[in-house]
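*Asks:* As listed in TrEMBL for this protein:
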BINDING   ARG44  L-glutamate binding site
BINDING   ALA78, THR79, TRP105, THR155, ASP175, GLN198, ASN240, THR241  pyridoxal 5'-phosphate binding site
DOMAIN    8-353  domain 'Aminotransferase class V'
MOD_RES   LYS199  N6-(pyridoxal phosphate)lysine
Amino acid sequence: MNPLNHLNFSGGPGALPESVLLQVQQSIIAVPEVGLSILGISHRSDWFASVVAELEGNIRELMGLPEDFHVLFLQGGATQQFSMIPMTLLRGKPHPAEYLHTGYWSGKALAEARREGAIRVLWSGEASGFRRLPGDEELAYSPDAPYLHYISNETVEGLQFHRVLGRDDVPRVCDMSSDFLSQPCEAERYSLIYAHAQKNIGPAGVTVVLVRDGVLKNAPADLPGFLDYRSHAQAHSIFNTPPVFAIYVVLLITRWLRNEIGGLSRMAEINRSKAGLMYRRLDDSHGFYRGRAETQDRSLMNVTFNLATPELEQRFLAAAQAAGFSGLSGHRSTGGIRASLYNGLTLSAVEQLTGFMEDFQRKAG
Ligand SMILES: *Cc1c(COP(=O)(O)O)cnc(C)c1O
């Protein structure tokens, strides 16, 4: 493998498709239809307004989004949403918001919500090391909660819900940062969906927020302008200088999903094939590679596993890096190995990795 062209298995920023990277490369010099570098095009230009409009339309079409959703492109990452959501939906409410604590990122989200008001942790996997997700029988939702917050895919632990949670009479709020546009998601059942770009759909700098109009109507009146979804909705995501470059790359990704992949169902098939190859490699290794997540909650995006000892894991990571597989070390909070298989990573890259894993096991075993 060419050492100048490593395969990117990082948890984020993630791999992007080569055909998109080639267009991005061209756009740094000049966007063909404008004749200017993407880095120097005004966010007040007609062209950029058309980028925002096309991107919004693509997301609506790919996800089958109902009309009453606003599609916003914000800054501050998913982390800013951890605060904006309780400011909008929890402030002044008599009942606690409900949060699931299923891993590292949901822990961050609920800690920020606590600064704003009362929350109730419906279920926590902390004591059991975040190796599984709750079943429906473990979740006693309250009909009075102002909203339910959860994370569809826990990026660090490699846990993914394969169903929609909650009750239909309580607004669902979901962080989809690490599985956004990786598969169809029944968007119509949510009140607010958010996802930053840098895991699955582009570079860091932009966060997609899909929020129903009803949520905005009931928001407190005195929020700071920048932290009020209504400001961004009214300004069509150009409330202040937006990250033009990042938004353009996300547009190219949605074009790729529509035109080259053929939509989210097809994307989901490809993602299932990639994850299937990885999990088969773990399961066929007779315990050499030990999957971290319980089988029914395994993530299609982040495959987490351990080897027998931390020393063997270090040898594995060093050998993988030398062979051109980049970004495989687990999150600093968990250690171990994590192979992230975002949309832009090809089936062929996963085949190469599983081949390497088979080889490594044979030599070490
Ligand atoms: C990476 C990640 C975050 C953190 O996002 P920032 O954009 O860095 O604030 C939040 N939620 C999930 C699910 C993540 O994977």
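Yeah, the Cβs are placed from backbone N, Cα and C, and that goes for glycine too.
All TrEMBL annotations are machine predictions without curation.
So where do these features actually land, and what's packed around them?
*Replies:* For ARG44 (L-glutamate binding site), applying a Cβ distance below 8 Å and a minimum sequence separation of six or more within one chain yields ILE238.
When other Cβ atoms within 10 Å of the Cβ of GLN198 (pyridoxal 5'-phosphate binding site) are tallied across all protein chains shown, the result is 23.
Applying an 8 A CB threshold to same-chain residues 6+ apart, the list for LYS199 (N6-(pyridoxal phosphate)lysine) reads GLY11, GLY12, PRO13, GLY14, THR155, SER177, SER178, PHE180, MET301, SER340, TYR342.
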*Asks:* Here are some binding-site residues: ALA78, TRP105, ASP175, THR241. Which one has the most Cβ atoms within 10 Å of its Cβ?
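*Replies:* Comparing the binding-site residues ALA78, TRP105, ASP175, THR241, the most crowded Cβ belongs to ASP175.
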*Asks:* Based on Cβ atoms within 10 Å, give me the single least packed residue among the binding-site residues THR79, THR155, ASN240.
*Replies:* ASN240
*Asks:* Using only the residues recorded as binding pyridoxal 5'-phosphate (ALA78, THR79, TRP105, THR155, ASP175, GLN198, ASN240, THR241), report the maximum Cα-Cα distance in Å, whole number please.
*Replies:* 30
*Asks:* Near ligand 1, which of the binding-site residues ARG44, ALA78, TRP105, THR155, ASP175, THR241 have CB less than 6 Å from any of its atoms?
*Replies:* ALA78, TRP105, THR155, ASP175
